[in-house]
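Below is one structure, written out as structure tokens, with a few remarks after it.
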Amino acid sequence: MTAEIAVLGGGAWGTALAQMLASDGQDVLLWARESEVVAEVNADHLNSIYLPGARLAENIKATGEVSDLSAIPTLLVVTPAQHMGAVLKTLPENPRDLVLCSKGIEQDTGRLMNDVAAEACPDSEIAILSGPTFAHEVAAGLPTAVTLACSSREQWERLKPLIARPAFRPYYSDDVSGAEIGGAVKNVLAIACGVVDGLGLGQNARAALIARGYAEMLRFGEALGAQAETLAGLCGLGDLVLTCSSTSSRNFSLGKALGEGRTAADLMADRTTVAEGAYTAPVLAELAEAKGVDMPIVQAVNRIIAGADAQAVVAQLLARPLRAEHESDA
């Protein structure tokens, strides 16, 4: 197999992206850490561990050897955010284009993923693919639109024919950090919406939380230099609406279980898949405080993940002083 594009990460999202890329007949190499995933993809064209029920294209080949990624110019990186840097440092060479598809903030350093990738692969040009996407829908070929934030117009021109498909539409942005911030903050807000659902607080409360959470996303984005129009698009508001309203979201499902009384420690120990928001919440809360950004919903999620009673934390949120909806009206 001579592939022009490879996917690094054999979880649900990585497998779905490989399936989407392979839909036009091009060869796709899928790197997975788990030997059982590699074996099943190659022998049976399935990934029953992470994407059950999806029959994979025969032009997807799986490997567990990073050396097989050598000389492939474009790499979609779909490893868990907290392990991305370590995995990228094992690559035999820096690919021309790294497209980061994981959403999160590095816990130990507070860095966005593009900064982590730039250190690990200094010779690569970095792009961000982010938006309202459920893996099972992308794998099934259902219509999907995403933000593809690129480091240059030249990179966009290279990547769009490789990634765009009739049912998978990337939209160009030059705001790489903004595209990342939307996805990372959204994960934490999705946990909050799940908590509201788990507590049985109703649809009104969820809608209010989405709107006020979006305001927090905008404030944090502004503090880090993101463009407001980026966060109003697919990678911000679009992703927020999708994942704050469905149990198909791992972060929403985690929050729902927290609202129902389970602890974060127990839930994270039981999970096969990663709910990135649980790892992002503590570092996001710390960054917001350090930068003087008011993010009460994010702070509330962080307290609940740390073990605080969800009902009590929500009561504290509802007891906050009344204020103008927009800071410009204050």
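Cβ from N, Cα, C; glycine included.
Listed by Swiss-Prot as binding NADPH are Trp13, Arg33, Ala135, Arg250, Val274, Glu276; the candidate from Lys61, Lys89, Lys103 that the record includes in that site is Lys103.
Going through Asp175, Asp197, Asp239 against Swiss-Prot, the one listed in the sn-glycerol 3-phosphate site together with Lys103, Gly131, Thr133, Lys186, Ser249, Arg250, Asn251 turns out to be Asp239. Under the DSSP three-state reduction, Lys103 (NADPH binding site) is assigned to coil, being neither helix nor strand. Listed in sequence order, the binding-site residues near Lys186 (active site, proton acceptor) (C-alpha within 10 Å of its C-alpha) are Lys103, Asp239, Asn251, out of Lys103, Asp239, Arg250, Asn251. Here Glu276 (NADPH binding site) is compared against the binding-site residues Gly131, Thr133, Asp239, Ser249, Asn251, and the shortest C-alpha distance is to Asn251. Considering only the binding-site residues Trp13, Lys103, Ala135, Val274, the residues lying within 10 A of Asn251 (sn-glycerol 3-phosphate binding site) on a C-alpha to C-alpha basis are Val274.
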